[in-house]
């Protein structure tokens, strides 16, 4: 028998004792929880926890292990508080929440940008049937307003690009309007410089685009510093503007599809910095919607300034073996240097582990909102 | 004696046994660590950990506590692996790193923007003596290049605004160039619409500003939708452009100081959305610099897609009682949908807990870089 097997037998015996003791501790903690509830006492007693740490740390024999022992005891106390809190008594019933809002039949759809926009592409890729008479909107906020005014049931807009990152304005509007993400779609983005047919590059003086178009193509424009970059509503709106102007000095950054739709020529193709340039679009609805096939969840919550708060909140995800996909931080409007955190993670709201993590997250954060539970799209579209 | 005191005596007895068992387990783990080292075996054995969890979970008596017992065991195993890893044998000596780069005497300073820029203000507020002949740069990257080419020792540029959030281009350049943050400065930002003396608001047709100026003043511009918003290098460059043009149709968003320096008038004052609008500026240097008074640390690291990785990394901060100030996420350039995380937290690199957390973070993340250790500025300047 090797040394390793001997050691492991020792560990197995220790672990069995550890778990049995820990179970005993949880049982006592539950009694304390009931006692505190009856006496209306708070669950958390900072001074008591400090004492417990002190008296145990004082007695450890190998001072090199102090950090590990401290962390061990803190975890033991945190987990004991969890059973005191009786998480299952939480007041929000997520299943109920979803059941009350089934997906809409024959919905009215809106998208960001002009005909030929990447959002229109995302819309056509997302919905099984091409929506009849979709509306389009030239600012992100006008699309949110259209949902609020019930002009449309769903709106399609970009939230994140693989090379330029979050579209922060959309994150902020999600917090402001309180709507829900009901789906997502990835679209590969190829940006082209487009203009009137027969335009020579030497004739170009102005380039129109959504700011994202410029950000995604900074390398190309380093060789064309004289061109004036003029930010406009969207890349597709920029294409339309160039067409309407009939001016060879004006050009736009837009998709091949936008060029075709607006009868324009490609003056330089694939001008984006990264060949693998992809944007993630969200399908936005007024209410939460979900079904058993949904496998991705988005939430937003706020952080207070207490040491370790972020860690304590994220612990719930690790505890329930939930895979975090993305974390995004945005300032709280009107509050100086406070942050909202947006998390995307894998799972379905009806799964016990996700449900459990969300209840704990909600219980322990100052502000919390479930943004949606939807089907994760494949990234290689 | 109350019930609570009885219960607590029970807990105290249990905790003493728990800690003593846990110490025994750490001692065995260290032996395993040595054994594995001698046999060149990996520390992490996934199948063994799965087995340990399974056999213990199977035996728990109160199934309601399964989540807590699982987390308890995982923590016990994680902490045991920590002592196996012998973190103290890490190859990077941070103290050495700092000692080799003392702050420069009589440094050459550069800042972003034209004379009268907010960065110039931040520079004057940060340095005890007004720098002689500072250089100024009209793009963020040209300032980074100036540091690389040793034209300047330090550069001052904005990294974050309290209402619009991160200046993501600066975060990306920090990753690209590998320079260090040696200090920070907060400046209260009041944006004004400025123009030539005697200009009437009705005459204005174009507004020039850094994109941040527009983003910070969206509410004001909702009432002036006809004005063309033209993004320019910086607010101070925009002020200079208006002065040089001598054109009453042109206006700029800039500071009162920029208006005075360039001999312009304020056409509308305090047009920013948030009255408490503040920007955080960083002082950038080529090398790491620190001293015992430094109390803030910035790092950047990358995340792989393994479940719970972010949690596991942030755990080190909670373990060492380190307060996280800020988390920012940016895409990894050239890698689709991978992220770099930028963390700011409280502490000094020479403190044992910070040093320990950083060694663990470095050991366990795919990519890691210490961005700086510097004196935290007060936020209410």
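Every residue gets a Cβ built from N, Cα and C, even glycine.
What TrEMBL records for this protein:
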DOMAIN    A:1-88  domain 'Chorismate mutase'
DOMAIN    A:108-286  domain 'Prephenate dehydratase'
DOMAIN    A:298-375  domain 'ACT'
SITE      A:279  site 'Essential for prephenate dehydratase activity'
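Mapped onto three states, the DSSP output places residue A:279 (site 'Essential for prephenate dehydratase activity') in strand.
In sequence order, A:118, A:122, A:158, A:160, A:161, A:162, A:186, A:187, A:189 make up the list of same-chain residues 6 or more apart from residue A:279 (site 'Essential for prephenate dehydratase activity') whose Cβ falls under 8 Å from its Cβ. DSSP labels the residues of the domain 'Chorismate mutase' (A:1-88) in these numbers: 73 helix, 0 strand, 15 coil. Counted with DSSP, the domain 'ACT' (A:298-375) comes out as 24 helix, 28 strand, 26 coil.
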